[in-house]
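A.B. asks: According to TrEMBL, the record shows the following:
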- 52-430: domain 'Cation/H+ exchanger transmembrane' (DOMAIN)
- 488-625: domain 'Cation/H(+) antiporter central' (DOMAIN)
- 631-798: domain 'Cation/H(+) antiporter C-terminal' (DOMAIN)
- 38-61: transmembrane segment (TRANSMEM)
- 68-85: transmembrane segment (TRANSMEM)
- 105-127: transmembrane segment (TRANSMEM)
- 134-156: transmembrane segment (TRANSMEM)
- 168-189: transmembrane segment (TRANSMEM)
- 201-223: transmembrane segment (TRANSMEM)
- 235-259: transmembrane segment (TRANSMEM)
- 271-301: transmembrane segment (TRANSMEM)
- 321-338: transmembrane segment (TRANSMEM)
- 350-376: transmembrane segment (TRANSMEM)
- 413-435: transmembrane segment (TRANSMEM)
Amino acid sequence: MATDVVTVGNKTEENIVCYSPSMITTNGVWQGENPLDYALPLFILQLTLVVIFTRILVFILKPFRQPRVIAEILGGVILGPSVLGRSKSFTDTVFPLRSVMVLETMANIGLLYFIFLVGVEMDIAVIRRTGKKAIPIALAGMVVPFLIGVSFSFMLHKSTQETKHGTFVLFLGVALSVTAFPVLARILAELKLINSEIGRIAMSAALINDIFAWILLAFAIAFSENKTMALTSVWVLLSTAAFVVFCVIIIRPLIGWMIKRTPEGESISEFSLCIILSGVMICGFITDAIGMHSIFGAFMFGLVIPNGPLGLTLNEKLEDFVSGLLLPLFFVISGLKTEINAIDGVGSWAILALVIVLACVGKIAGTVLVTLYYRIPIHEGITLGLLMNAKGLIEMIVINVGKDQKVLDDKSFAIMVVATVLMTAIIIPFVTLIYKPARKFAPYKRRTVQSTKPDSEFRVLACIHTPRNVPTIINLLEASCPTKKSPICIYVLHLVELTGRSSAMLIVHNTRKSGRPALNRTQAQSDHIINAFENFEQHVGSVSVQPLTAISPYSTMHEDICTVAEDKRVAFLIIPFHKQQTVDGGMEITNPNFRTINQNVLANAPCSVGILVDRGLSGSTRLAANQVSHHVAVLFFGGPDDREALSYGLRMREHPGINLTVMRFLPGQSALEEARSGSRRSNMNDPNVLTIVTDDDKEKQLDEDYVSAFRLRTANDDSVVYIERVVNHGEETVAAIRTIDQSHDLFIVGRGQGTISPLTAGLTDWSECPELGAIGDLLASSDNAAIVSVLVVQQYVGMGHGDHILTPDSPGQQLHEHFNFGYTNNRTQIRGQQPQFHTQP
């Protein structure tokens with residue numbers, strides 16, 4: 001038997017609900033029984049309905065980039081008396097009063113384990129790493145909204161309420177001042193700010209905010225359950241403090257001992273996991289028994305679990321089940337308690353609007369004041385203030401406890417639920433409008449191989465889809481001649497599709513302890529990739545490796561790649577081709593999404609890009625440098641991409657085990673005549689014909705100067721062979737390439753984007769992969785008889801007309817600096833920039 005309190009108008013009614021212990025499972029519809037009269041079938045229906053309804057709302061809100069908690073709260077409100085629950089038949093059928101006890105019990109079990117996971121994920125060491133900024137930002141973001149809550153408590157608190165005004169102030173203040181740490185993490189991941197400086201400060205401040213919120217909530221619960229605030233409240237607080245000490249002094253060392261007993265190379269035993277999962281329930285029971293809410297015990301138990309593999313294992317095993325299946329029940333329980341109609345009249349809605357506006361403005365104002373003191377730009381301060389407004393589960397817990405303890409009435413509860421949804425919903429749109437992540441990047445000049453000085457560090461971003469991509473990329477990097485004078489800094493980015501997680505993330509790896517077991521296939525692949533590159537780093541001098549993993553949807557994966565490239569200031573980005581070699585020498589598509597990623601990277605990369613067609617590249621990091629032998633061919637037709645390809649070949653030529661062949665293709669007489677006639681036909685009515693001719697001549701002059709300087713430098717180098725071939729059309733070009741393809745194991749070619757040449761005429765008519773350019777596509781084709789790896793290079797050509805940082809010096813000065821040898825920049829004109837007019841003789 002249970003008592004349920006229902007408020008109708010100004011009258012409060014108490015309903016007595018009786019439970020029959022025998023009515024758990026049904027005998028079946030064939031016995032003439034209604035399954036919904038029994039507890040288990042009804043609970044299954046409720047759970048299914050809640051999950052489906054929540055998922056539909058998540059799908060609807062996904063284009064608006066809203067966190068999942070918004071969909072869960074809205075789902076609860078819609079299923080409650082505010083919308084669908086207005087129908088008495090729906091409520092009596094799906095959510096009858098007799099089912100509330102089972103539903104609320106399961107919801108609280110889900111909540112218990114979710115809060116435990118929140119505690120496990122919290123890393124208090126983060127506070128130390130972000131310095132002193134996070135603590136004052138967190139405190140300022142709490143104090144101002146708390147004071148606003150105090151002022152509004154006088155409007156919302158009624159003299160007829162049983163609780164004292166002080167307790168009401170505590171609940172309202174905590175609800176308005178809290179920042180939901182898990183929700184903020186997902187918002188930052190969605191905005192791709194989680195690894196930025198502002199993201200790290202926000203996460204640390206939210207962590208501090210959460211800790212203070214839990215302390216204030218402990219006081220609020222202690223006082224609300226003892227309305228006289230007598231000695232009993234003191235005993236509750238003292239018991240809670242003793243429990244915290246017990247967790248830190250006894251439980252944490254015990255769990256550490258369990259981890260140490262786990263044999264090297266094995267995951268933690270099932271017995272140990274069962275003890276930990278049982279410990280969650282025991283800690284919840286203890287705190288509930290001493291007068292504190294059970295979630296406090298679960299949170300504290302999670303907080304004392306050491307960071308590391310155990311925390312990852314617990315998340316791996318529990319997160320999807322708890323957050324996907326059980327946690328939505330808590331929001332439905334909240335929705336069943338929410339009566340939007342309780343916000344009646346203009347005055348109540350005005351109070352709601354004031355609560356939202358002033359609480360948001362209060363957090364922003366408090367945060368901006370502190371950020372100005374630390375000389376953080378004002379737009380970043382406003383962004384931090386907006387992010388600190390993230391509400392969600394923690395606030396819902398606070399107001400639910402307040403409702404259960406009769407501290408909050410129906411009207412106050414409904415106002416706080418609506419405020420939670422709206423305050424969180426506005427964060428992403430406003431942050432996107434105010435804060436532009438691109439501002440955080442300082443411009444840098446060394447965005448190409450050609451502009452990288454031979455006596456400076458060469459920064460490369462190597463993208464990896466699977467361990468199969470690793471050997472050829474490592475051998476390519478080894479052949480790129482790392483030296484003490486010009487070391488290579490390699491950022492290895494493992495690209496993983498986002499599946500089953502609520503938000504994308506970028507993981508920066510530290511050196512893992514060998515022998516530690518991988519938790520899943522993705523981590524096993526990451527470990528394999530990291531180990532291979534670390535082995536490469538150990539066996540080859542002048543190489544530094546920083547492994548990272550990007551977990552994101554294929555549709556936005558190129559954004560992560562470009563962000564890392566910009567953030568790490570790399571000059572060259574290597575990404576695998578979307579096809580791989582089969583046993584018979586053909587090429588098959590590994591994943592069509594990889595091609596889309598490559599196309600997006602080519603269009604948006606902040607540096608030069610090389611697409612690697614992997615057909616194997618012999619060599620091993622275990623051999624001495626003079627034992628490694630590669631025969632590399634650079635095909636030069638002209639243009640910025642080909643100059644970049646030649647620059648990479650020039651760097652590789654410094655390696656003692658590299659033999660370099662450069663084949664330059666020059667147009668024959670018929671090709672020149674065709675080019676002239678084509679130019680006359682296409683530009684007969686074009687007023688800018690003079691400009692086009694000038695630009696073409698300028699590119700030709702850059703090619704001549706660069707090749708001349710290259711030949712001058714390599715004149716006495718026996719490892720370099722320079723060949724010039726005069727060709728008139730595509731067929732002759734193919735025939736010339738075939739004369740050297742069998743004797744080489746790597747071709748480096750320019751993509752040739754934006755250049756039209758009679759030398760490649762007809763080669764693009766049957767192109768399979770236009771993103772590789774005419775020559776790259778020819779060499780990568782399955783029809784090509786040569787089994788040779790190909791690196792297709794696209795030179796970075798600027799981000800816009802106004803990018804003055806990238807405006808290079810004169811061609812003569814560039815060539816002098818590069819070959820003497822400190823090349824400062826690579827172009828006289830950014831591709832796509834308005835051409836200059838010069839007088840033609």
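Each residue, glycine too, has its Cβ placed from N, Cα and C.
Just so you know, TrEMBL annotations are computer predictions that nobody has curated.
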A.B. asks: Averaged over the domain 'Cation/H(+) antiporter C-terminal' (631-798), what pLDDT does the predicted model reach?
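C.D. replies: Reported value for the domain 'Cation/H(+) antiporter C-terminal' (631-798) is a mean pLDDT of 81.
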A.B. asks: Are there three or more C-beta pairs under 8 angstroms joining the transmembrane segment (105-127) and the transmembrane segment (321-338), sequence spacing 6 or more?
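C.D. replies: Contact between the transmembrane segment (105-127) and the transmembrane segment (321-338): present, because at least 3 Cβ pairs are under 8 Å.
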A.B. asks: The transmembrane segment (271-301) vs the transmembrane segment (413-435): three or more C-beta pairs under 8 Å (separation of 6 or more)?
C.D. replies: no
A.B. asks: Counting a contact as 3 or more Cβ pairs under 8 Å, with residues at least 6 apart in sequence, do the transmembrane segment (68-85) and the transmembrane segment (413-435) touch?
C.D. replies: yes
A.B. asks: Could you tell me what the rest of the chain brings near the transmembrane segment (235-259), counting residues at least six beyond its ends with Cβ under 8 Å?
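C.D. replies: Same-chain contacts beyond the ends: 218-219, 221-222, 225-226, 268, 272, 275-276, 279, 283, 286-287, 290-292, 296-297, 300-301, 303-306, 308-310.
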